[in-house]
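A.B. asks: Dumping the structure here so I can ask a few things about it.
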Amino acid sequence: MANIDDIEKQIENIKINSDDNKNNVSKNKNILLNGVNLKDHEIKDNVKSVDYNNNNNENDTMNEINKHVKNDEYCNKENSNNNNNNNNNNNNNLDTQINETLNLNEKFEKKNEENLCSGCKKVLIKKLSCPICLKNKIFSYFCNQECFKGSWKEHQKIHENMNKENNEKEDHLKTIVKKHLSPENFDPTNRKYWVYDDHLKNFVNFKFTGDVRPWPLSKINHVPSHIERPDYAISSIPESELIYKRKSDIYVNNEEEIQRIREACILGRKTLDYAHTLVSPGVTTDEIDRKVHEFIIKNNAYPSTLNYYKFPKSCCTSVNEIVCHGIPDYRPLKSGDIINIDISVFYKGVHSDLNETYFVGDINDVPKEGKELVETCYFSLMEAIKKCKPGMFYKNIGTLIDAYVSKKNFSVVRSYSGHGVGKLFHSNPTVPHFKKNKAVGIMKPGHVFTIEPMINQGHYSDVLWPDQWTSATSDGKLSAQFEHTLLITNNGVEILTKRTQDSPPLGFDTKDELYYN
């Protein structure tokens, strides 16, 4: 119960001030009457507290009125417009005085109500307030603890009604929010309701660099219990990777491990080709993710991205200015978009990793520079792969890619690199894609790793979204990416995730005869 200071003196002051105000209004009204043309206006008295029954005052007032009526007749002939303006001003002043008095009376009555005990209805000397009512800004006071306890059953009804009203308001709000956040009604340009969504609330004040916006997410995909899982599937933390990071060596896979990785890569290629067939205007990236997930599960594998450091989906979908790691959501694809789909599969205890960038809809809707960007990215990867062999320094890959891309006036992203893959999703070596990098290591037979250059139309810098995954170009311009998983052999390199004759075309001549001998 909260103690409140004694306000009896304040109430007395309010009463005195109220009486004074009533008398002042009465006097002011008599004075104002002298300036009103009674032939044109009717005076209505709305103030209950003003007394006009005093005969002496009536006679004096009428004498004054008669004098001014004669003056008013003369004034009307000389200047009727000025007199009408004065009358309006006088009436407005009168209304103001009346309203002030009525408001003062209302305040006085409210103060009286606040000084009555909600239990016994006695006048309070000291006020004790119900803590629940006080929290909800409801005026409810009691004499003492005993009165409060004795009135609790009856007083509790106030809380019940209050809770009912709050629940109704909350349900109504949920209905409105659900409607505005539904895929069919969602407006990505209106952030008003984003605060009510666990995913979108992080973006309320975020400054986007391009046109792509986050959309609501669907629920996390379910994985059947019989599917073999990596160590992070439940905890989201890849403990085996953290242990391996303490080492600096590059793992050399044996023949049995290479065979399992090869099978995982074949499944990864089939999955990516299937995802490519789903790309079409109007299709959402969430739908692509859901079908990719079902395809992988159907083949008794686990989608490697799912719950990896809490990544919420089974593949990555990066549209237009999104560099990499875009989270599939309810955003529908549009003709003229470019989309990168990144597939990773955990199968028979090992991972595979690959991605490609596709044109959405009519290729003529894609900007010319966008087409050139995608082609440049693809061939920069393939040219670097051609040079891979035992004895080559990993840092030279970045030199080759950067040289090829620079000739086309594009730039290479520096924030992300290729990596070792196999028993671990990410391991040594680190494979940067830009020149003058400091990567360590020399290629040896049995090394399995990825090369996955991200090429930007504008500046190479990127911005991380508040979801802690999505990376976008800093200038909002387009970005493209391609990735393969590679095996260093005794004689050169094998592309484990290579395209097949059944792979859907990329929309340009990939010159497979040069790269798939």
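Here the Cβ of each residue, glycine as well, is placed from N, Cα and C on the backbone.
Pasting the relevant annotations from Swiss-Prot:
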type	residues	note
REGION	74-94	region 'Disordered'
COMPBIAS	79-94	compositional bias 'Low complexity'
ZN_FING	114-166	zinc finger
BINDING	CYS117, CYS120, CYS143, CYS147	Zn(2+) 1 binding site
BINDING	CYS130, CYS133, HIS155, HIS159	Zn(2+) 2 binding site
SITE	CYS316	site 'Important for substrate specificity to methionine'
BINDING	HIS325, HIS426	protein binding site
BINDING	ASP342, ASP353, GLU483	Zn(2+) 3 binding site
BINDING	ASP353, HIS419, GLU452, GLU483	Zn(2+) 4 binding site
A.B. asks: Closest to CYS147 (Zn(2+) 1 binding site): which of the binding-site residues ASP353, HIS426, GLU452, going by Cα position?
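C.D. replies: Answer for the nearest of the binding-site residues: HIS426.
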A.B. asks: Quick one: DSSP breakdown of the zinc finger (114-166) into helix, strand and coil?
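C.D. replies: Helix (H, G, I), strand (E, B), coil: 27 helix, 7 strand, 19 coil.
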A.B. asks: Taking the Cβ of HIS325 (protein binding site) as centre, how many other Cβ atoms lie within 10 Å?
C.D. replies: 20
A.B. asks: Let me know the most crowded of the binding-site residues, choosing from HIS159, HIS426 and counting other Cβ atoms within 10 Å.
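C.D. replies: Per the Cβ count, the most surrounded site is HIS426.
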A.B. asks: Applying a 10 Å Cβ distance cut-off over all chains shown, what neighbour count does CYS120 (Zn(2+) 1 binding site) have?
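C.D. replies: A 10 Å sphere around the Cβ of CYS120 (Zn(2+) 1 binding site) contains 14 other Cβ atoms.
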A.B. asks: Determine the most Cβ-crowded residue among the binding-site residues ASP342, ASP353, GLU452, GLU483, using a 10 Å radius around each Cβ and all protein chains in the structure.
C.D. replies: ASP353
A.B. asks: Between 0 and 100, where does the mean pLDDT of the zinc finger (114-166) sit?
C.D. replies: 77
A.B. asks: Could you check which of the binding-site residues (HIS325, ASP353, HIS426, GLU483) sits closest to CYS143 (Zn(2+) 1 binding site), going Cα to Cα?
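C.D. replies: Checked the binding-site residues HIS325, ASP353, HIS426, GLU483; minimum Cα distance to CYS143 (Zn(2+) 1 binding site) goes to HIS325.
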A.B. asks: Rounded to a whole number, how many Å is the Cα of CYS117 (Zn(2+) 1 binding site) away from the Cα of GLU452 (Zn(2+) 4 binding site)?
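C.D. replies: With distance taken Cα to Cα, GLU452 (Zn(2+) 4 binding site) is 75 Å from CYS117 (Zn(2+) 1 binding site).
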A.B. asks: Return the residues near HIS419 (Zn(2+) 4 binding site), defined as same-chain residues 6+ apart in sequence whose C-beta is under 8 angstroms from its C-beta, sorted by sequence, else 'none'.
C.D. replies: HIS426, SER427, ASN428, PRO429, THR430, VAL431, PHE449, THR450
